[in-house]
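The structure under discussion appears below in the form of C-alpha cells.
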Amino acid sequence: MSIFFAVPDGKPNITYAHNTSSSSILLQWAPPPKHTLHGEFLGYRITYRLRERVRGEREITLRDPLATEFTIRGLNAFSQYLISLQVFNPAGIGPATTVAVMTDEGAPSRPRNLTATRITNNSVKLRWLEPEHANGIIQGYNIYHLDVGPNHTERKKVPNPLQVMEYVLGSLKPYTQYKVWVKAYTGKNEGLASNSLEIITDVQSPSAPIITNLTCQSVDSIYVQWDRPKVVFHRIDYYFIAYRSENTWDFEEISVSSSQERQSHAMVISNLTSNVMYEVKIQGASRSVVEHSKLFKGPYSELKKIFLQSLTTSALEEVTIGVGIIAGIICVSLVLLVAILAFVLWRKYFQAAYYYLDDPPRKRATSEMSKTFGESDSSSIDVCAWPDHVCNLHADGDIGFSKEYETIQQATDLDLSSECSQLVENKNKNRYVNIVAYDHSRVVLKILPGQKKTTDYINANYIDGYNEPNAYIGTQGPLPSTFDDYWRMIWEQKVYIIIMITNLVERGRRKCDMYWPKEGSELYGIVQVKLTQEVELATYTIRTFVIRNLKVKKKTSAERTVYQYHYTNWPDHGVPEHPLPVLSFIRKSASANPPGGGPIIVHCRYGGTEAATFCCLSTLQKQVEFENCIDIYMFSKLYHMRRPGIWQSKDDYCFLFRAVEKGLLENFEAKAPFNNPITNGHVLPVKEDPII
C-alpha cells in the first residue's frame, strides 16, 4: 500500500525579527497549525538575501521541528535583508513568511586619499574622500595628529564632525614633524584609520637679533656686531641691516648671508658722511621650507644710534669712554632683563611639569631592613591594648604623635643613593626634582634591543607588604615622556591592578597626566592599551583596559586585562574628613588582585603620602586579620626606606590611627568577602606572560 503526502500549506508565524549587531539578526517564530503540516514535520528552511540583489540568496536548513529561533550571522553592516521562513515535510516545502530586517550600524572603512593641500607654520589643510563602505550613517570624522619631534612625543586627539571632507588643522608648532590620520565614525563605532601623512610645518620668523657693539670704524664707516636671535625655527638664512642718517626718512638696507655655525656676526657699513648721527637696526630672516622663494623676516632689533665724526685724540678718548658707559648700561640692562625673563619662563613652563614639594623629604637610611613587614614585631600593639595606646599618644596635646612622627623622620636620616635618578638623561623623568627613586629598591626596566642601559630607569620603587616582599610598587604620576616606560613596567611586572589616588588637575595645577586612552586604543611604545569599560562610583572610578604586547606573536600570551581603581575624593591638601570611604576603596581594590598576580601599582602625585596610606592600611588589614595586632610605626619606617616623600605632616601620620580606629577595628568582627563590581567577586585567572 502506498502512502502519499501533501506539501504543507501553513506558514510559520514570525514573532520577532531584529538585528543583534552590525552582522547578525535574531529570528523567532511560532509553528503553523498541525493540521496544515500534512504529514511528518521535519523542520524549517530559512532563506535570506540583500534586498537590492535578486541573486545571491542563501539557505539554512533546520532539521528540528521544535526550533523556535535562530540567529543569522556573517551579514553586511547597515544593510536590509529579506528573510523567508518555511516548514517542510517529506513531500516538500510549504509557503514562506517573509520579513525585511536591517542590520545595525558598524565601523566605517578607511577614509581614502588623505592629502595635505596647504601647509603653514601653524596649520595644515587636509582633504580626503569618504570611506568606500560607510557601514552606517557617517556622522563625522576624527582627525588625529601626533607630534614626532626629536625631543618629545605628544598624543592628542582632535574630534571634528565635518559636513565636508576638508579641514584646517591648527594650533601646530612651527617647524615640527607631525603624523596625521583621519577616521570616520557612525553613531555606533569609529572606523579604520586612513593613510597617514608625515608633514613638517613651515618655519616661523625668528626673534630680533641683539646689537652688541656699534662703534666708529673710520671717518666714513661704522662697525656693527650682533648676536643671533634667541628664538630660531630651523635656521637663520639672512640678516638685513637697515641704517639711515638723521637727515633722511628712508632706511638703506644691506643683506648678508648667515653662517649657521656662528652665534655672533659683524660687518662694516662704509661710504657714510662724517659728523652725522646714524640709526642702525637689524632683522633676521628664515627661508620657508614649503615655498623656497618665501622669506620669513623677524622683528628688528632695538634701534641704536651713533654719531659719526672726524675724531681727534681727545675726542676719541671721550667717545670711547661714552661708548663704554653706554655699552655697560646696555649689558647690565640686558642681563637683568634676561634674568627676569628666564625666571618668569621657568616658573611658567618648567614648574608646570616639575615642581619642588613644599616640604622636601629628608635623606633616608643606608641599611635596608632584611625582613618584610610582619616578621619583625618589636613595636606591634595588640588590638586589645590599642585604645590605651592611642590615648597615651593623645596626651599633652598629641605629644606622643609628634615624638613618634619625628622618630620616623630621624630614624632614616642617613644617605640612600639615588644616582640613577640624577643622571642627565633621567632627570626629566622625575615629576618632582627632589622626589627620586632609591637605587636599592627601584624598579629596573628590561633593556629593549637597541636601547642604552640608562633606559632601564623609571621613578618607581618596590614596597613590601605583610609577609610579602615587593607586594606594591610606589610610583609618581606618569609624565608624557614616561607613558611608554610606565606601560612597559606594567607588562614586565605582571601587574593587574593600578591604584590612582589623585586627580589630573587640582586647583588649576596639573598633578598627573592622562596616561591612558580617553576612548578606544592607544599605542605606548610596544604596549597597545584599549579602554573597554569605565564605571563611575561615588568616590572612585574603575577602568578596564586590555593591554597587548606587540612584540609577542602568540595572541593568548600577548594580552592581559588590567584594572585601574581611581580614587577621586582625596583632598588636594590635608587628609580625608572620613576614613571609611578610603578603607572601603582599599579593601575592594586590593582584593581584586588575583593569586599569582604581580605587584599592585600605587601612585598619587609623587608616590608619597596617598600611596603610602594605601599600602599601609592594606597591609595593616592583613596584620589585624592574622596576628590581631597593629604596627603603624614599623610599616612607616619600612616604606620610608623604600620610597622618599612619605608623610608630609603629622596629620598624614595621625590619619592612619583614625582609619584603624574607625575602620579596621570596628569592622574586625564583621568581615565579609568584597565583591568587585567588575569581576563580581570571582578571582581572575593569571596567565604567564612572556617578558620582552
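Cβ atoms here come from the backbone N, Cα and C positions, even for glycine.
All TrEMBL annotations are machine predictions without curation.
A quick note: this is a predicted structure, and the numbers were derived from the prediction, not measured.
As given in TrEMBL:
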- 8-107: domain 'Fibronectin type-III' (DOMAIN)
- 110-206: domain 'Fibronectin type-III' (DOMAIN)
- 208-315: domain 'Fibronectin type-III' (DOMAIN)
- 401-663: domain 'Tyrosine-protein phosphatase' (DOMAIN)
- 580-654: domain 'Tyrosine specific protein phosphatases' (DOMAIN)
- 319-346: transmembrane segment (TRANSMEM)
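Along the domain 'Fibronectin type-III' (110-206), the predicted structure has mean pLDDT 83.
Shown for the domain 'Fibronectin type-III' (208-315): DSSP residue counts in helix, strand and coil, namely 3 helix, 56 strand, 49 coil.
Shown for the domain 'Tyrosine specific protein phosphatases' (580-654): DSSP residue counts in helix, strand and coil, namely 46 helix, 6 strand, 23 coil. Per-class residue totals from DSSP over the domain 'Fibronectin type-III' (110-206), listed helix then strand then coil: 0 helix, 50 strand, 47 coil.
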